[in-house]
C-alpha cells in the first residue's frame, strides 16, 4: 500500500500534465493566433546592412567536410562579413593544418585559430572567438562545421537586427543527406517535429529554444552574456538568458543551410542524450526564473513554453521510472500469483490511451505542418520511440549529477557493421526479451484474463516497443551506405 500509493500519484500526475500539454499543443497548432508572429525573408531591405562575424568551431573534423562549409560561406551574397574558424584541442596536425592552409587561400576575410589546450569545450572555443571578433561587427553568426549555408542567409535575416529589441534570429537545422538511406530519412523526419512544429508554436510567444547552428546573435548582447561553459547545451541556455535579460528572439521556419545527420544510431543516441542531459542542467540552474517566476522579464506564457517544450523529455524520465515499477510489480505477480494482482484497469488503460493519442497527434500535426507523406510521420515516430530509453536515462542522470562533459557528434564516419550495430543495442534487445517473457508469463496465470490483467499485459507489450524501435534503427544504420572518412 505504502509503495503503490506514491507510484500511483506519480502515475496520475504525469498522465494529467502530459495529456494537458499534448492537448494544448494540438489545439494551438490547429487553431493558433489569427496573426502569427512571423519573420519573412527581407529580400529587398533598403537600409545599410550590419557587419556579421561568422564563428565556426571545429574539433577533429574531416578537412574535406569543413572545406565545403567554407566554400559555401565564401559564396554568401552579403557585402560585409568575416569568418573566424577555431580548431580547439585537435592533436593531429594532419586534421587541422589543411583547414588552416585553405583559409589562407580564401583570403583575409577568413581567419583560422588553432588553440591547444583550451578549456570549456565548444563554449570555450566560441568565447575565445568573441575576443577576436571585429569591433564593428554588430551580429555574430554561429554554424557547425558540417553546414553549407544558402547564399542569401545573411542578406534575408540580418536586417531584422535594425529593431533594437531583437537579439536572436534563428532558422531551422536541416540536412542534405536525409535521402541517403532509410535510417537517415527516419532521423530527419524526427528532427522536423521540433523545427517545423514546436519551434513555430513557440515563436508566436517569443519563447523559442535557441540552437547553436544557423543562429544570428546581436554582438553587444553576446559579448556581455557570453556562452556558458558549464552547460553542454550552451545554445539553449544562452537563448534563455537572452530572454531573461529582456530581449526578443525570432524564428524563421525556412531552411537556409543544410548539415549532416549522424551516420550511426549510436551517434544519434549520444546526441540526444547530450541534449536531454543539458535540458535538465538548464532547468536546475534556471529554476527560479522558469518555475518560481523570479525573473520579471519572462512572461508566464514564455515560462510555460520553455517547460512544455522540454516536457516530453522530462516525461521520458518519469516514464522510465514508471516502467521499472511496472516491471518489478509484474515480476512480483509472477513470483506470488496468489497474493498480488495487477493494478486496476483505469490506470493502465489511461496510459495506453495517452500513448495512442500521442501517436495520433504526432501523425496529424506532422502531416499538417511538416510533411504530407504519412510514411515520414511513421518514420518520425519510430525514430522518436527508439530514443525513449536513452532520453529517460539522460533525464534521471542529469537530475542527480551535473558533470557530464561535452561530446561532439561525429560526421562522415565509416559507420559500423551489422554485428557492431546489434552489439551497441544489446541492452535494448535484452529489455525487449524481458518485457515479452513477462507478458507471456502473465498470460498463463491461473485466472481468466479480465480487464485489469488484459490492460496490464497490453501496457507491458507497449513498453517493449521502444526497444524494438531501437533495434530497427540500429539495423537500418548498419545497412545504410556511407562515405568513408576522408582523413584519419
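Glycine too: its Cβ is placed from the backbone N, Cα and C atoms.
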*Name the residue range among 288-309, 310-331 that TrEMBL annotates as transmembrane segment.*
310-331
*Given 247-270, 343-366, which one carries TrEMBL's transmembrane segment label?*
343-366
_Correct range for transmembrane segment (source TrEMBL, candidates 378-407, 408-437)_ = 378-407
*When you scan the chain for residues with a C-beta under 8 Å from the transmembrane segment (310-331), skipping those not six or more beyond its ends, what do you find?*
7, 10-11, 14, 17-18, 21, 209, 275-276, 279-280, 283, 340, 342-343, 388-389, 391-396, 399, 434-435, 438, 442, 456, 459-460, 463
*State the residues, same chain only, that lie 6 or more residues beyond the ends of the transmembrane segment (378-407) and have a CB under 8 A from a CB inside it; answer 'none' if no residue qualifies.*
121-123, 182, 185-187, 189-190, 192-193, 232, 265, 268-270, 272-281, 284, 313-314, 316-317, 319-321, 323, 359, 362-363, 366, 370, 428, 431, 465-467, 469-470, 472-473
